[in-house]
């Protein structure tokens, strides 16, 4: 029996790449392409703003000249305050670009697209946002500026962090921890992800797996800092991992409305630290460990499992949505409680903002208003009492939305086995 002429087209349709059958994936590719054009136009026509580039190059010059004492690595903005990974990255940039700004902008433009691609991959994989909302990831004037007009080291740290998160989505915890530690070696703000990440590791692995993954992360830090740890260890640790830095009140985007004497006081710093730890514990107990009976019951079960010496106990597969919700929310709590957010710090959480907004119970219109409101506050320069107070209110409203949202079931395998039992 002869086939109808129309049927001959069916095999060719079935052989089309699967990605073109997914509207979200096809839209994501188009979005990346359009944003790449926008980045090229920005580099070509928007004047570069000199902020930290000369300081970075001065610090790198000292390192390449053989200096290993962190107290002697300085630039026109002050002493070096970043871990050793920063020096390696910017030494490579100096080698590639010759220290010139324009080729560095091109390099950072490529980095921007790589980072955006990783983030979009995370969003497509978790399927939290509708396809059209992916465009929000390309709408930030401030983030474009941070990458291609400011050339901040935050860009490399966050790109490596997002690569770690994408790896963790595949339950590759050891590789994820190595990438995560690499990001920490560039800028210490990445540690805001550490508490929720540790909790997820305890959920997914037994205690021996957690320890080995943490050992991998520690090894990265040791190897990165080895030239400085061998020669001047105290100078390196005190400068590169200084948790007591007091930022200048003028540059604060979030707490500008706080009087400067209060802003720089230890009491204010301690209060924010207590709030940070309290919010993390509260979310961990009532949200992230809700299905395990709360944080304390979960930790008790892990201790009991470790004492039982069972190598296979505690191995579970976490849902991708639960992984990203916990990590993004944990980082956002740190953002809310940060004493000072400078303009480049927006890159620390901007790419998680659409995800967090769509995890709330808010209507879409309010989600978009909150997104635009946060972006507006970050583009007020210099920040003032009203913009910083508004930003704090928006942050708190988003945090309340996350708190009041329903918690998703965290595990894959247990859910599947439960369904089989019900059948």
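All residue numbers here begin at 1 and follow the chain in the order shown.
Glycine residues also receive a Cβ, built from the backbone N, Cα and C atoms like all the rest.
Curation plays no part in TrEMBL annotations; they are all automatic predictions.
Positions annotated as transmembrane segment by TrEMBL: 25-48 (among others). Through the fold, the transmembrane segment (25-48) approaches residues 19, 101-102, 105-106, 109, 112-113, 116-117, 120-121, 123-124, 131-132, 134-135, 137-138, 144, 147-149 of its own chain, all at least 6 residues removed from its boundaries and within a Cβ separation under 8 Å.
Only residues 6 or more beyond the boundaries of the transmembrane segment (104-124), in the same chain, are considered here, and those with a CB under 8 A from a CB of the stretch are 22, 24-25, 28, 31-32, 35-36, 39-40, 42-43, 48, 53, 93, 96-97, 134, 137-138, 144, 147-149, 151, 155-156, 158-159, 162-163, 165-166, 169, 324, 351, 354-355. Summarising the annotation, TrEMBL assigns transmembrane segment to 104-124 (among others).
Positions annotated as transmembrane segment by TrEMBL: 173-195 (among others). Under 8 Å from some Cβ of the transmembrane segment (173-195) lie the Cβ atoms of residues 82-86, 89, 153-154, 156-158, 160-161, 163-165, 167, 201, 204-205, 209, 212-214, 216-218, 220-221, 224-225, 240-241, 280, 284, 327, 330-331, 334-335, 345, 348, all in the same chain and six or more residues away from its ends.
Marked as transmembrane segment by TrEMBL: 207-229 (among others).
Nonlocal intrachain contacts for the transmembrane segment (267-286), taken as residues 6+ away from its ends with a CB within less than 8 angstroms of a stretch CB, comprise 195-196, 199, 246, 258, 294-296, 329-330, 333-334, 336-339, 399, 402-403. Feature annotation from TrEMBL assigns transmembrane segment to 267-286 (among others).
The transmembrane segment annotation in TrEMBL covers 388-405 (among others).
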| request: With a Cβ cut-off under 8 Å, give me the same-chain residues at least six positions beyond the ends of the transmembrane segment (388-405) that come close to it. | output: 252-257, 279, 283, 287, 329, 332-333, 335-336, 356-357, 359-362, 370, 373-374, 377-378
